[in-house]
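The structure appears below as structure tokens.
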Amino acid sequence: MNAPLNSAVRLDSIEEAIADIAAGKAVVVVDNEDRENEGDLIFAAELATPELVAFMVRYSSGYICVPLLPEDCKRLNLPPMMGRNEDVRGTAYTVTVDANTGTTGISATSRAETMLRLADPMSVVDDFTRPGHVVPLAARPNGVLERDGHTEAAIDLARLAGLRPAGVLCEIVSEEDPTTMARSEELRRFSDEHDLKMISIEQLIEWRRHNETQVRRTVETQLPTDFGSFTALGYKHEIDGQEHVALIAGGVEELNGAEDVFVRVHSECLTGDVFHSRRCDCGQQLHQSMEIIQEAGQGIIIYLRGHEGRGIGLLAKLKAYSLQDSGLDTVDANLEQGLPEDAREYSVAGQILRDLGIKSANLLTNNPHKGEGLRGFGVEASAHTPVEIEPNADNIDYLRTKRDRMNHDLPQVARWDAAHALK
């Protein structure tokens, strides 16, 4: 049985993969074990050669696809293969095609010609016959940041290599067991044997988040609050449309180049922030952070939308509460729904801090690992300042779980337990 893909398998850098794509080579791209758990050979369609296609056919399923942007599918009149897409992964297969200059259409030479035509911005509908032996795929316009599939990875790699956004892909078959697909260590051995770079879609997602800007500052205004006056900056994510807010104390311009700035990265919590729920300490942490920042005279509150329930959404969080009422803890209540323990990611916060220009942050958080992802955005987490909120009878179990299973720094839990053990 093939081992699943995991972090123990050595991966190459995204920069190396981009360089090889630009040089006309293929790379191996793997996805998550919870998805297809497969590796695809991928190269740029505009650099297709009979030799590349023959290599791909030899080591793959042979069902070769060419991801294209939706506008190219429309330009070439490539409608969906089916009116209703029932593919479990949502892969957008279109009608199959051959270049009209080929012979049988199935040879490596003929398929390479079809790929070149599909990648050519000057090609037209009549350059192809239908049906054929090459399967175009309609990729999501925003690549792996919109859908974490090989289709989008192929488009992104070609674009990042400075080439037309059109790729070629096919799943690699196991040589150890040709009845199944290659996975994990076998993909690494295959890559090394053939001098190919191997990367993951997860790597590509993180690379794009760190090296591109998806959030834009759209508005600035003054916001007087019960805790003092802040400058409110509105940010909008250009891909998912989510709107986020940064509250600034001490002036926006003064943050550029500033060090050891108090920063609270706060995840949206309707129940805690607005309804003052006693099941969590979110609203109290937010308010205490605003007080700390006002007392310091400088600081940033980043309010991240879309983080409700550690990223699982409001209704799923309410369902998790119901499961907790039945005896599960906050972690298992998520897992019981088939949801991750914590679905949040903080690239938006990193991009906002990069936009503001601070050099280092004193993070107001009880999570000692929260600053690990900021370094990639040019911000050092120079210190962590706990935000200690005294427990109550309704949230003590929740806080114990955060301490014991999520490694949060919560000394107040021990104080509560000691005090109540004496009663």
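Positions of Cβ are set from backbone N, Cα and C atoms, glycine also.
The active site, proton acceptor annotation in Swiss-Prot covers Asp342 and rests on sequence analysis. Within its own chain, Asp342 (active site, proton acceptor) has Arg310, Gly311, Asn334, Met406 as residues 6 or more apart in sequence whose C-beta sits under 8 angstroms from its own. Taken residue by residue with DSSP, Asp342 (active site, proton acceptor) is part of neither helix nor strand, so it is coil.
Taking Cβ-Cβ distances under 8 Å and a sequence gap of 6 or more within the same chain, the neighbours of Arg344 (active site, nucleophile) are Ser267, Leu304, His307, Arg310, Gly311. The feature active site, nucleophile is assigned by Swiss-Prot to Arg344, with sequence analysis given as support.
Residues annotated as D-ribulose 5-phosphate binding site in Swiss-Prot: Arg35, Glu36, Asp40, Arg147, Asp148, Gly149, His150, Thr151, Glu171. According to DSSP, Asp40 (D-ribulose 5-phosphate binding site) sits within a strand segment. Sequence-distant contacts of Asp40 (D-ribulose 5-phosphate binding site), defined by Cβ-Cβ distance under 8 angstroms and a gap of at least six in the same chain, are Val28, Val29, Val30, His150, Ala153, Ala154, Leu169, Cys170, Glu171, Ile172.
For Glu36, His150, the entry in Swiss-Prot reads Mg(2+) 2 binding site, with the evidence type sequence analysis.
If you look up Swiss-Prot, you'll see Glu36 marked as Mg(2+) 1 binding site, on the strength of sequence analysis.
Long-range Cβ neighbours of His266 (GTP binding site) (same chain, at least 6 residues apart, Cβ-Cβ under 8 Å): Cys282, Gln285, Leu286, Ser289, Ile301, Ile302, Tyr303, Leu304. As annotated by Swiss-Prot, GTP binding site applies to Arg264, Val265, His266, Ser267, Glu268, Gln285, Glu308, Gly309, Arg310, Thr330, Thr365, Lys370.
What Swiss-Prot records for Cys269, Cys280, Cys282 is Zn(2+) binding site, and it gives sequence analysis as the kind of evidence.
According to Swiss-Prot, the feature region 'GTP cyclohydrolase II' maps to 211-423.
According to Swiss-Prot, the site 'Essential for DHBP synthase activity' annotation covers His133 (among others), on the basis of sequence analysis. His133 (site 'Essential for DHBP synthase activity') has a Cβ environment of 19 other Cβ atoms inside 10 Å.
Packing around Glu171 (D-ribulose 5-phosphate binding site) is summarised by its Cβ count: 19 other Cβ atoms lie within 10 angstroms of its Cβ, all protein chains included. What Swiss-Prot records for Glu171 (among others) is site 'Essential for DHBP synthase activity', and it gives sequence analysis as the kind of evidence.
With Glu308 (GTP binding site) as the anchor, the candidate recorded positions are His133, Asp148, Cys269, Cys280, and the one with the nearest CA is Cys269. For the pair formed by Glu268 (GTP binding site) and Asp148 (D-ribulose 5-phosphate binding site), distance between Cα atoms is given as 24 Å, rounded to the nearest Å.
Cβ neighbours within 10 Å of Cys282 (Zn(2+) binding site), excluding its own Cβ and spanning all shown chains: 21. In terms of C-alpha distance, the listed recorded positions His133, Asp148, Arg264, Thr365 place Thr365 closest to Cys280 (Zn(2+) binding site). Around the Cβ of Glu268 (GTP binding site), 21 further Cβ atoms fall within 10 Å across all displayed protein chains.
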